[in-house]
Structure formats: C-alpha cells, structure tokens
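Q: Structure in structure tokens, see below.
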Amino acid sequence: MFGSDKQKPVYDSYSSESYEKYFDDTLSEELTHPSSSEVSGSSFRPQDVSSDQLRDYLEVQSADILHSDTDKMKLMLQELERDLLADNDVDVEYMFGTGLNMEIDGEWSNPIGTESIHVSSRTPKQMLIECAAVLADGNIEVASAIINELRQLVSIQGDPPQRIAAYMVEGLAARMSASGKYLYKALKCKEPPSSDRLAAMQILFEVCPCFRFGFMAANGAIIEAFKDEKRVHIIDFDINQGSQYITLIQSIAKLPGKPPHLRLTGVDDPESVQRLNGGLEIIGLRLEKLAEVLGVSFKFHAVASRTSLVTPSMLDWRPGEALVVNFAFQLHHMPDESVSTINQRDQLLRMVKSLNPKLVTVVEQDVNTNTSPFFPRFIEAYSYYSAVFESLDATLPRESQDRMNVERQCLARDIVNIVACEGEERIERYEVAGKWRARMTMAGFTSCPMSPNVTDMIQKLIREYSDRYKLKEDLGALHFGWEGKSLIVASAWR
C-alpha cells in the first residue's frame, strides 16, 4: 500500500478486515512507485545528542528549521516570527498544574541510534519514537523494519495506545514513502453532507466534549454580543456542515423577548465536497427551515470561494448590522509565514479587523504542529492525540463502530497529515494558545474574556461527562482538557 514492499504484512490484529479498508483503495495506483527523493527528514539528529540534550531540545516550542542558507528572505521572516510571536515562550506548560512540558518520560528517554534493533520486546510507544527518530535521520531501512513489526502489534479495536499507534504508524509509513499528500486527500470525505463523515463529526462533538465545549463557548460569546442588537450578521469562514448554528439558533429561540434578525454568511471552498454536491445551499436551507420552525428571523448567504480569496465586498455587510466573525477550527488551515512569504493567516486576520467587527471568536486545538520540526512535532502529536483517544475510551466502548468511524474519519486524517507531510502539503498546522493570542494582538484585536454565565454553563455540563475533563480560564480564554492535557482553547476578541 505504501510502496513497492516485497511482501505486504498480514494484519492479524485487525480482526477479519485488512487495514487498507480504513484508507482509500484509490491510493494503490498512485502510491505504487513513490519517489524516495521526496522523503523529507529533519536536520535534527537524535544520535548526535545526549538524552539530557534531547530532553532540553523537546522542551522548546521550536521554530521551523531552515533547510536552505540561500533563502535569505525566509531567514528574515523566521527571525521576525521568533521575535514577534515568541515561539519559545508560549504558555503551554502547567496549564492544568501538572507540568505539561515536553520532557521525555522513562519510556522515551533511552538513547536512540540508527543501528538495527530488536523491537519485539518494546511497547508500541517506544517503537513509534524509535521509528520517528531513525526516519528523521534518513535511515529508511531500519524505519521500514520497525513499521512492519508495529503493524503486527497494533489494532484499531484495541486500547487507546494501540489505536493511536495504528494510525501513527501509517503516518510514518506515508512519510517514508512520500505518500502523505495522497493519503490525506484519500481520507477526505468524497460524499455530500449526508455522508458518514457528517455523522462521524457529530458523534465526535458528542462523545469528545472538548470539541463540543469549544463550539458552546463561541456560541455563548456570540449570544452575549447580541444584547440590545436588532440585526446581527455572523460571518463564518468555514461553515462546514453548519452544526454549530443548529445549536445557536435553538439557543436564540429560547432568549426572552424578541430575538434579533440573524444573517449568517458561510464561506466554502468551491472545490470542496460540500460545494460540488450543492451542500452549501443545502446547509443554508436546513438552517433556514429550523429557524422558521423556532420563530427566529434568519437568512443564509453563501460565499463560494477559497478563504484566501475572500474580499470584504463578497461578505455583503450592511449598515445597521452588528458584525460577528467566527473562526472555529479554521485558522490553522491558513498557511503562515513559516510556509510562504504570503502570510495568509495574518492577512485574513487583518482583513477581518478592517471590517470593525463587534466580536471575533476563535476555537482551535491547543498544540503546536505548525513550526516544530518533524521529530518534536511527532512527539507533540502523540501526546495530544493520546489524550483525545483516551477521552473517547471513557465515552464509547472499544468495539463501537461509531467510535471507529470517529477515529478513522475525524482523527486519522489529521494525524497522517501532521506526521507525513511538510511544506504546503502540511495543512493541519495547529498553534498553542499563546501563539494565537500574539497573532490576534498584532492584528489589532483586544481580548474579550468569556462571561461567567458561559463558563458556569459549560462547567455544569462537564460534570455530566467525566471528572477527568477539565476547564480552566487563562488570560480570558477557556481551555478544555483531558486530565492534565489542554486540548481545545476558545477565545473572544473585539
């Protein structure tokens, strides 16, 4: 599947189904002869440093390593980014008082070399870090051997460490064969909004409350901004399936007095599945019908455009409307200065600021997969998604088909992209809360703390799930986490 291996491994641990069923069959022709020259390594060489140096190295939120001394413009941009956004000072540690730095625990701290090793006695976690290390060093032969061994040990139906390892090992295999971009595209939903992916996303929001609470925090801040307004215009730069606004319209209908007239502008890539299948219009009709039933005055405005090409005139803001802009799990898809001299991420924020909105809401994953080089990025991704997979273990049984759909359709795709891809092909570029705060501040926004009403409402709902979910407010933002790990951060700005 991932290259011209002489023999495909047998996937005994995946019940009666081969692992290929969890990825797209159309990959086989594209991936038969990958170019080994595309394999991207990291200039970080684990065998050149001691375990103490490695520990120090991983504690830093590193900026991207520069691979070309001749690229002076990129050097200047990287230096400017470090100065202005302070990658090394972002406050991800101790968010929940448990010392969440990037220090390697005992399982990960053994000296790493590139020589052939015996992996059968090691845990999947140890084998994954070993494989990532030798792959970062460019040792394809040893990495391939570890991958083949891992595939025999992991299972998408096992415990959380086995499940995450099953997907991360395929990310490593895709990186090794330079097939990450194909696998990422293949895992993308190819069906209209009524597809399994919509169902899986809805299940994810229900069974992994951190995602749901992120939307609820944004909606709560938006409703607070409605006070004393007669006409409200919300702009969403990634409307997706409109799930957030089903809840918002239901909440507006319960408000005392006459609710304001609500106009929602949804932006959607014209090449996306939703647009090709008429999905954007279907989503708008669905929301308008719901609003009519609930007695909420509502209109939907569709903008078929890539976000980077949207101009203020396309958004149709009208005098007398209180403007609200919602960024829910969208900004991390915009390339920044570490990808191109055209910094689309900050460019979009400046354009939104020029609209003078009453409120801007931002909901994002709280992890750095943007500027970290491959090896520390792999460790961060493992730590982050381990917490997500463990949280799912508390809400759905391991044999649940819904759970497997959620993990395959909503999580595996992101994992593969983070692990396997570099440059413009790496789309899932998350940043930590401190980095978003710096970006918003530089774009001219001021933090608007969440109201106690919003915080109290979410805190009550958290108790209905598990006491292992955590909520903490920091510098006006709400952090939602699993045990000691911050997963989602929601903030409001004006």
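Placement of Cβ uses the backbone N, Cα and C atoms for every residue, glycine included.
Keep in mind that TrEMBL annotations are predicted by a computer and have not been checked by a curator.
Annotated compositional bias 'Polar residues' per TrEMBL: 33-48, in sequence order. Residues or ranges marked as region 'Disordered' by TrEMBL: 25-48. Annotated region 'Leucine repeat I (LRI)' per TrEMBL: 122-182, in sequence order. Taken from TrEMBL, the feature region 'VHIID' covers 201-266. Residues annotated as region 'Leucine repeat II (LRII)' in TrEMBL: 282-314. The region 'SAW' annotation in TrEMBL covers 420-494. As annotated by TrEMBL, motif 'VHIID' applies to 232-236.
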Q: For the region 'SAW' (420-494), what's the model's average pLDDT?
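A: Taking every residue of the region 'SAW' (420-494) together, the mean pLDDT is 94.
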Q: Using DSSP, tally how many residues of the region 'Leucine repeat II (LRII)' (282-314) sit in helix, strand and coil.
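A: For that range the per-state counts are 19 helix, 7 strand, 7 coil.
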Q: Check the region 'Leucine repeat I (LRI)' (122-182) against the region 'Leucine repeat II (LRII)' (282-314) for contact, please; criterion is three or more CB pairs under 8 Å, pairs 6 or more apart in sequence.
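A: These two segments do not touch.
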Q: By a Cβ-Cβ criterion of under 8 Å, what residues six or more beyond either terminus of the region 'Leucine repeat II (LRII)' (282-314) are in contact with it?
A: 192-193, 237-239, 241-242, 245-246, 249-250, 252-253, 259-271, 274-275, 330, 333-334, 344, 347-348, 351, 354-355
Q: Please work out the helix, strand and coil residue numbers for the region 'SAW' (420-494) from the DSSP assignment.
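A: When I sort the residues of the region 'SAW' (420-494) into the three classes, I find 28 helix, 23 strand, 24 coil.
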